[in-house]
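All remarks here apply to the structure that follows.
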Amino acid sequence: MGLEEKLPSGFVLSTVEAMAGYMRKGSLWPATFGLACCAIEMMATGGGRFDSARFGMEVFRASPRQADLMIVAGRVSQKMAPVLRQVYDQMTEPKWVLAMGVCASSGGMFNNYAIVQGVDHVVPVDIYLPGCPPRPEMLLNAIIALHEKIQHTPMGVNRSEAIQAAEQAALAATPTIRMEGLLR
C-alpha cells in the first residue's frame, strides 16, 4: 500500500508526486521486445557509444516482471499480438510502452491482414517513435521525452482512472483492418 492510498481522497501531494516522478524517470528498466530490424538499433542504443546507462537503463530485462518500459521494436503479427499483451500484463505498475519504428506505430509498409496496424490496438502506447528504422539518437530522444511524461504522471487513483479510460477508448476504436482509407 502506497502513500497515496493512506491519505484522504482529494489531498494534493504535488511535492511527493514530483519527487516520485523524478525518481521513477531515472530508473527505467526496459523489457526487450525486438521483432524486426528496429531491434538492431535498440541494441546499438544499449552499447557503449550511445550509453543508455546514463539514463538509468543499465540492462534490458528479459523478464517482464523486472521491467517497467516495453520498447516494441518492429512489426507485430496477428499471432504475436496475444504474446505482446501477455508480456504487457505481466509487467509491474507503473509501466510505459514505446512504439519504435513505423511498423510498430502504424504497420508500416506491411498493410495486410497478417500484421497488426499499430500496437496501440493491443497495448496502450505512451510514445511513438517514427523511422524505418529509427537511429539510436532518435530512441534516446524518445526516452528523454518519456522521462518528461513520467515526471508529470499522476499517482494512485488518478493514474488508474486514466489508464482505464485509455484502455476503454482503445478497445472501442474501430480496428484498422476494417477502416476505409486512401490505401484501400
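Even glycines carry a Cβ here, placed using N, Cα and C.
Positions annotated as [4Fe-4S] cluster binding site by TrEMBL: C37, C38, C103, C132. For 37-146, the entry in TrEMBL reads domain 'NADH:ubiquinone oxidoreductase-like 20kDa subunit'.
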- Note on the structure: On the domain 'NADH:ubiquinone oxidoreductase-like 20kDa subunit' (37-146), the mean of the pLDDT values is 88
- Task: State which of the following binding-site residues has the fewest other Cβ atoms within 10 Å around its Cβ: C37, C38, C103, C132.
- Result: C132
- Could you break down the residues of the domain 'NADH:ubiquinone oxidoreductase-like 20kDa subunit' (37-146) into DSSP helix, strand and coil, giving a count for each? 44 helix, 16 strand, 50 coil
